[in-house]
Amino acid sequence: MAERDHYHTIDDPNVPCNFYDTVNLTGHTVFPNGSYDYYGTIVPAELVGTYDYIHSSLTERIEVREHVRGCVCKFKSCLNICCPWRQVFNSEVDGCIIDHSDNRTWPDPPMLNITFRNDSTILVNMFAQFAIQSFRPCPKMFSLQPETSHWDDYLLFENGSMLRVDDQQLIRKNEFCMVPTYVNESDMFYTIHPANCDMQDDNSTVKIINAYAMMFSIPFMMLTIAVYLLIPELRNQHGKSLVCYLVGLTVGYTSLCYVQLYQVDATGDACKVFGYTAYFFFMGAYMWLSVISFDLWHNFRGTRGINRFQEKKRFLFYSLYSWGIAVVFLAFTYIAQELTNLPAYLKPGIGDGVYCWLDMSNWAAMIYFYGPILVIVVANTIMFIMTAIKIHGVQREMARIIASENSTKNLRTEKDKFGLFLRLFLIMGITWLTELISYFVGSDKGWSKLFYISDLANAMQGFLIFMLFVMKKKVKHLITNRCSSVRDGSNQRQSQYSTKTTSSSVANLSLHEKPSVEKPLVISSSVDPQKTTIFR
């Protein structure tokens, strides 16, 4: 709050009022007594001053030629518009322009619902009710459109301030501006709504923390992938599925980290590339999670867990299923964003000039991301429950009969796998389920703070998976054996190379020596010929 107050108080002491309470009087009628007529509002001489600067944003002051400004907001409520009336902001020129190709109708006069001190709400003429300022508080503005989402509901007050309903944030008049908006491309008229800044708040802070947590997590996922690829005993069906799952998470995390930490231009092609890449690999990862759940259930479906297909064919089928469905989701999302005229609140939002990732402020995230993941989590839960029931049934059956040693060992092995991947499911399923809940209550700042911990845990999944799948006793033993075998193999190869080199040297030497015929080689009878090595 102190920083926001700073925006309202800092200014030149030689001017009659703060810049944000002024309007530019250049070109307006001046009276002999020094007062000015500003669109029918008389600005007294004592509230007129010469300014040699402007504020191009809330934080940036620019020196300009001296010009006259009047403190009209000192005696009349002001309302800020982002661009002069009938002009729109153009990102290519980074300024306001008159768009002659735009055929939409501007409201004349613009009517706004204003809430007064007595809590009454009245539809008023914007130009009659307020003195109009034109100022863009920050480079990136986000318009509120209550027609598309109740999270965009707001209240405009008679003093020119605004209440953002979803988080009950009171926004001062110079921290937002009114902008012409439309819902559908086919709309032929503008509606005037406020646009607010992407201010640094608790939510953006959490995004930064999550990004660094993901960076911390990525090396652990890569280590887990390396361990499961390099150790033959771990390259079974479940191990290969885990590797594919981690590949999806690693690429997805890397893409999101780059977007969040390096501030990728939301209007550029790189934004779309990172956004769609992250989406594809995240969806692929969750399809592999469903594969793991299905394969565990499949192994317990029969009393002896007999596989129907050879492991290689089954892995190929699983790969086509997981990555294939991820491609289908990617195509569906891309078409919805790039090739349709859907309303903005039904588009994914990837690379739309505002977001590189999905738009989390409306139902788009539910349709294209959280919805499919919710289905996967529910399906995984059902399969895990069915597998647990089957394990319990097999245990009871084996307790009633004399089980063979192999059957008991196989059951124990499958139980270990089930327990391991059950913990993986708990890490992934429950964490993402809490994130789904946080998505629904995210507009309520009081509730959403409860999910900051789950968001952080979600971002640190790589570390948790590394501890679960690599730091277990059996895997560490396999790593030790693998390192020992590699070291022994290296020593053995070195020894063989040394032996061959020595043999070759002696052989070469014998070619240059004259054979001794006077003194033939004699082996002493005291030496066992079977244990004697002879180099000629």
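Glycine is no exception: its Cβ is also placed from the backbone N, Cα and C atoms.
Keep in mind that what you see is a predicted model, and the values were worked out from it rather than measured.
Recorded disulfide link (Swiss-Prot): Cys177 to Cys82, out of the candidates Cys73, Cys78, Cys82, Cys83. Between Asn113, Asn508, Swiss-Prot assigns N-linked glycosylation site to Asn113; no such entry appears for the others, which is not proof they lack it. In summary, of the candidate residues Asn103, Asn406, the record from Swiss-Prot lists N-linked glycosylation site for Asn103, whereas the others have no such entry there. Around Asn159 (N-linked glycosylation site), taking its Cβ as the centre, 15 other Cβ atoms fall within 10 Å, counting all chains. Taking the C-alpha positions, the distance from Cys83 (disulfide bond) to Asn103 (N-linked glycosylation site) comes to 18 Å.
Cys73 (disulfide bond) falls within a helix when secondary structure is assigned with DSSP. In this structure the alpha carbons, written CA, of Cys177 (disulfide bond) and Cys96 (disulfide bond) are 13 Å apart.
When the recorded positions Cys17, Asn24, Cys96, Asn118, Asn159 are compared by Cα distance to Asn103 (N-linked glycosylation site), the shortest distance belongs to Cys96. Using a 10 Å radius centred on the Cβ of Cys71 (disulfide bond) and all shown protein chains, the other Cβ atoms total 20. Proximity to Asn159 (N-linked glycosylation site), defined by a C-alpha to C-alpha distance within 10 angstroms, is shown by the following recorded positions from Asn33, Cys71, Cys78, Asn118, Cys197: Cys78.
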